[in-house]
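Student: Before anything else, here's the structure in question.
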Amino acid sequence: ACKEVILVNNQVMHEKRFDIQGLRAWAVISVVIFHFFPNLLPYGYLGVDVFFVLSGYLISLVLDGRPLALKTFENFYTKRLRRIFPLAILVTFINLILMYYLLVEAEIVNGVKSAMYSLLFAMNLKPHNVQEDYFQALESANDLFTHYWSLSVEIQFY
């Protein structure tokens with residue numbers, strides 16, 4: 001969540017950060033507009049970069065002043081995965097169902113492979129054709145899991 005960590009009398013207090021919530025909203029809206037109307041907001045994909053920067057900032061606030069114990073990381077990852085994984089599974093299975101209705105057989109095989117990479121939060125590690133262009137891949141929509149790369153990066157680097 002977007003909360004600032006404040007130490008008061010050696011106790012951790014969390015204060016809601018509406019400025020960061022606003023930046024997150026802007027980032028989401030810009031990415032969505034870019035994907036559906038790329039000519040309207042040609043650099044809307046930079047909202048993903050904003051998310052990465054905000055994530056790093058928020059993590060540094062959470063960890064600032066705390067001893068970095070194994071339990072701290074376990075708790076952090078457990079909370080993140082409980083929040084992210086159920087929705088990721090749901091979206092993956094919805095995409096798999098849509099693939100069978102929208103794509104040809106050759107694309108379905110690639111889609112199933114991508115689904116596996118997505119569920120392992122490794123979509124950014126999936127081997128791609130050297131000539132493949134991310135933005136052209138978005139336009140053709142042959143792989144309904146292309147967007148999982150950013151979630152994979154966040155999970156790997158948190």
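In case you wondered, yes, glycine gets a Cβ from its N, Cα and C as well.
Caution: TrEMBL annotation is automatic and unverified by curators.
Straight from TrEMBL, here's the annotation block:
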| type | residues | note |
| --- | --- | --- |
| DOMAIN | 19-158 | domain 'Acyltransferase 3' |
| TRANSMEM | 21-37 | transmembrane segment |
| TRANSMEM | 43-63 | transmembrane segment |
| TRANSMEM | 84-103 | transmembrane segment |
Student: Averaged over the whole of the domain 'Acyltransferase 3' (19-158), what is the pLDDT?
Tutor: 83
Student: Using DSSP, how many residues in the domain 'Acyltransferase 3' (19-158) fall into helix, strand and coil?
Tutor: 104 helix, 0 strand, 36 coil
